[in-house]
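One structure is given below, encoded as structure tokens.
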Amino acid sequence: MTIGNFRPATVLIDETAILHNIQHEVARLKKQTQLFAVVKADAYGHGMLRVARVAKAAGATGFCVAILDEALGLRKADYSEPVLVLGIVPSQYAAIAAAQTISLPVSSTEWLEQALPVLEAQPELPPLRIHLALDTGMGRIGFTEDQALKTAVAFVEAHPKQFVIEGVFTHFATADAPDDTYFKQQVNKFNHLVNLLPSRPRYVHVSNSATSLWHAACNGNMIRYGVAIYGLNPSGDAIPTTPFPLEPALSLESELTYCKQVHAGDGISYGVTYRAKGDEFIGTVPIGYADGWLRRLQGFHVLVDGQYCEIVGRICMDQFMIRLPKAYPAGTKVVLVGQSGDQEITLLDVAKYSKTIHYEIACNLTPRLKRQSVNPVD
């Protein structure tokens, strides 16, 4: 997708906020515990390479991504730190990961059996580093049964030139919820499955951001620090208190490209779902659903000159309209996410109106929106 460098629409990334969010967590870690920065999905829309650079400066010792392509992107950018892919990678690409010392998750012996000939065909490669995924209640990927796990471990031990168990992990479904009943059930199942292993691998990890913030007593020597890097509370506001203040790193700003006066009954946008109730000033903002500012945000608001202005009419692919309190010239700043005067719109505000989570809003901001760092970290 082409980046819109020549229109007034910018995602601003506060690098110092990212630095502080990581440094505060690193300072809380138990001795010998490492922090891997989760930079999947272009670092939740914040820019993978930008965040990786700041995370490394803040004390992160490795990275987690969702797909092999993201891991290769880090290697191409000369990041030599450990990189763990969290999603299942098709077995035919196992040699690519091994050649780049990229760690992959394993959820079945079948995957190992399929990857074996791929790795045997290139005997010069180091063993593929694998992390055994344990499904303790997320229902996504991972071993669930004792015997299946034992069989996989035995297979790996029988092929030491092709595989090495570097880690074991699980993912919690409710670590961000006030009720920890299900969370504790998952902890118990994880401990049971880990105890089946002949020895503990280098990395034993269960902690995502929510677990690290609110359940620090969990066993493990590595945390997968994700959404909190970006200053977002993993629970939304279900658990409003965090051990330290999280500093939001992302804001979204634009400008008015056009302002006009309309009169009672005049229609706005597709379907004429909004008609002026009287003489009104309508401003046009050059962002639309192709940028991730979705149609469901009709009726929400943005900030102009420190005042909330309602989005009126349907949001178009590339533009939307707002009702202004008075006439403003083209070029007037419009804040979609962030502060203006004494007022603020957060990603969580946008998410609540959209009936979703703030993770999704950040990730939906498309590459067409140019990214720009503020408060840069050297």
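Every residue gets a Cβ built from N, Cα and C, even glycine.
A quick note: this is a predicted structure, and the numbers were derived from the prediction, not measured.
Summarising the annotation, Swiss-Prot assigns active site, proton acceptor to Lys40 (among others) and lists sequence analysis as the type of evidence. A helical conformation is recorded for Lys40 (active site, proton acceptor) in the three-state DSSP classification. Residue density at Lys40 (active site, proton acceptor): 20 other Cβ atoms are found within 10 A of its Cβ, drawing on all protein chains shown.
Residues or ranges marked as N6-(pyridoxal phosphate)lysine by Swiss-Prot on the basis of sequence analysis: Lys40.
Per Swiss-Prot, the feature substrate binding site maps to Arg140, Met317. There are 11 other Cβ atoms within 10 Å of the Cβ belonging to Met317 (substrate binding site).
Note: Tyr270 (active site, proton acceptor) has non-local neighbours Gly313, Arg314, Cys316, i.e. same-chain residues 6+ apart with C-beta under 8 A of its own C-beta. The active site, proton acceptor feature in Swiss-Prot is assigned to Tyr270 (among others).
Long-range Cβ proximity for Arg140 (substrate binding site), meaning a same-chain Cβ under 8 A and a gap of 6 or more residues, is found for His171. When the Cα atoms are compared, Lys40 (active site, proton acceptor) and Met317 (substrate binding site) turn out to be 26 Å apart.
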